[in-house]
Amino acid sequence: MKKHSARVAPLSACNSPVLTLTKVEGEERPREPLGPAEAQAPGGAEAGGRTSRRRWTCSRAQLHKTFWGVAVVLCVCASWAGSTQLAKLTFAKFDAPFTLTWFATNWNFLFFPLYYAGHVCKSTEKQSVKQRYRECCRFFGDNGLTLKVFFTKAAPFGVLWTLTNYLYLHAIKKINTTDVSVLFCCNKAFVFLLSWIVLRDRFMGVRIVAAILAIAGIVMMTYADGFHSHSVIGIALVVGSASMSALYKVLFKLLLGSAKFGEAALFLSILGVFNIIFITCIPILLYFTKVEYWSSFDDIPWGNLCGFSVLLLTFNIVLNFGIAVTYPTLMSLGIVLSVPVNAVVDHYTSQIVFNGVRVIAIIIIGLGFLLLLLPEEWDVWLIKLLTHLKVRKKEETVEGGADLGSGPQNRSRRARPSFAR
């Protein structure tokens with residue numbers, strides 16, 4: 001994988017339905033080259049040729065990035081919705097959400113090996129595994145990954161990762177996957193509120209509106225099923241999962257900042273190691289206390305467990321490294337687009353009732369999510385766009401009037417020589 005100056009923050013738990021703890025932060029991207037209308041070109045046929053050639057080049061680059069964006073959106077949507085539905089099917093045969101969380105998190109260990117394989121295939125300056133590991137360890141400080149750093153800067157995020165995913169999976173047992181996936185989208189509103197309070201991020205009125213919409217959607221979703229105990233517990237679990245993921249994201253930004261691709265891959269692999277060493281005892285304890293019990297290991301649906309883990313790993317990889325080929329906003333769209341996918345599946349496989357309250361709740365939560373995707377300077381861009389359109393309309397009106405005014409004059413001027421004769 002090529003060296004890249006962009007930095008990403010491993011936060012997938014903040015945006016994935018289950019095991020996603022790596023979300024791409026707002027990347028600092030170079031400005032797009034000026035379009036032909038903005039660039040001043042000399043007059044003449046040569047200038048026109050250069051302008052058209054430049055227009056074609058810019059359009060091709062943007063088309064390429066948009067194409068990859070669509071591919072990434074589809075991949076994010078399919079992997080997220082697929083993992084949610086597969087988890088629901090798994091619980092019909094294997095009622096052990098914490099064990100499923102533990103099993104899938106162990107696959108995070110593959111992040112750094114996969115990243116290094118990409119580095120060897122793509123990079124012109126190849127490094128050994130040890131060299132690459134040491135370089136990525138600088139992310140944790142001058143001393144690298146020490147035992148103290150492991151317990152103070154990695155272990156807390158491993159706990160938050162496990163809580164986020166366990167609460168989400170446990171909620172799938174209580175309520176339908178449509179409600180779970182749409183309620184988890186509220187985590188973006190929680191991230192904004194925590195960032196505003198803890199990190200002193202810029203206040204944005206439109207994001208406050210989005211947060212209000214998210215909270216209203218949660219209340220309406222609870223009311224949609226009549227405040228039954230199962231429904232209330234399931235909604236509380238999803239909201240708890242979204243809150244844990246938001247806390248993960250804000251703490252990561254507060255304590256660690258942002259990470260390059262290799263650093264993010266190493267961090268996620270470390271979370272997998274933490275899960276194997278320190279969390280393994282909990283599924284064993286749950287098994288012997290018969291909280292999560294299965295009679296025989298042959299009864300475990302290994303295909304479902306492995307498929308679920310592969311989908312989550314794919315989701316994390318695309319969400320973390322998709323920034324290299326497309327825009328971060330497009331990747332986020334894949335998350336909200338998985339909601340209608342889950343709704344269609346639930347409509348044909350469960351007894352979900354899409355009453356008016358539920359539909360309105362889904363719509364306003366989705367609207368709040370989309371509002372949170374707006375960039376910080378969206379109002380400036382909107383003003384510039386409206387000003388540009390207004391000026392362009394005036395210019396067209398003036399040109400049209402000039403054409404009408406010059407028409408008779410030109411005809412009279414052409415007619416004068418014939419009269420003189």
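Note that Cβ sites are derived from N, Cα and C of the backbone, with glycine treated the same way.
Because TrEMBL annotations are produced automatically, they should be read as predictions rather than curated entries.
As annotated by TrEMBL, region 'Disordered' applies to 25-52 (among others).
Marked as compositional bias 'Low complexity' by TrEMBL: 34-44.
Listed by sequence, the residues of this chain that lie at least six past the ends of the transmembrane segment (63-82) yet keep a Cβ under 8 A from its Cβ atoms are 16-17, 20, 181, 311-312, 314-315, 318-319, 322, 325-327, 330-331, 333-335, 337-338, 341-342, 345. If you look up TrEMBL, you'll see 63-82 (among others) marked as transmembrane segment.
According to TrEMBL, the domain 'EamA' annotation covers 68-222.
Among the features that TrEMBL reports, transmembrane segment is placed at 102-124 (among others).
Outside the transmembrane segment (145-168) by six or more residues, the chain places 10, 13, 17-19, 21, 97-98, 101-102, 104-105, 137, 180, 184, 237-238, 240-241, 244-245, 247-248, 251-252, 255-256, 267, 270-271, 274-275, 278-279 with a CB less than 8 A from a CB of the stretch. The transmembrane segment feature in TrEMBL is assigned to 145-168 (among others).
Per TrEMBL, the feature transmembrane segment maps to 180-199 (among others).
The transmembrane segment annotation in TrEMBL covers 206-224 (among others).
Per TrEMBL, the feature transmembrane segment maps to 230-252 (among others).
Per TrEMBL, transmembrane segment is recorded for 264-288 (among others). Same-chain residues lying 6+ beyond the ends of the transmembrane segment (264-288) with a Cβ under 8 Å from its Cβ atoms: 8-10, 12, 21-22, 96, 98-99, 102, 105-115, 133, 136-137, 139, 145, 150, 154-155, 157-158, 161-162, 256, 294, 316, 320.
The transmembrane segment annotation in TrEMBL covers 325-345 (among others).
Taken from TrEMBL, the feature transmembrane segment applies to 351-374 (among others).
According to TrEMBL, the feature region 'Disordered' maps to 398-421 (among others).
What TrEMBL records for 411-421 is compositional bias 'Basic residues'.
Using a cut-off of 8 Å between Cβ atoms, the transmembrane segment (325-345) and the transmembrane segment (351-374) share at least three residue pairs, counting only pairs 6 or more apart in sequence. Distant neighbours of the transmembrane segment (206-224): 179, 182-183, 185-186, 188-190, 192-193, 231-232, 235, 239, 355, 357-358, 360-362, 364-365, 367-369, 371-372, 374, 378-379; these residues of the same chain sit at least 6 beyond its ends, with a Cβ under 8 Å from one of its Cβ atoms. Within the same chain, residues 1-3, 18-19, 132-133, 136, 161-162, 165, 261-262, 264-266, 268-269, 271-273, 275-276, 279-280, 282-283, 305, 308-310, 312-313, 316-317 sit at least 6 positions outside the transmembrane segment (102-124) and bring their C-beta atoms closer than 8 Å to a C-beta of that stretch.
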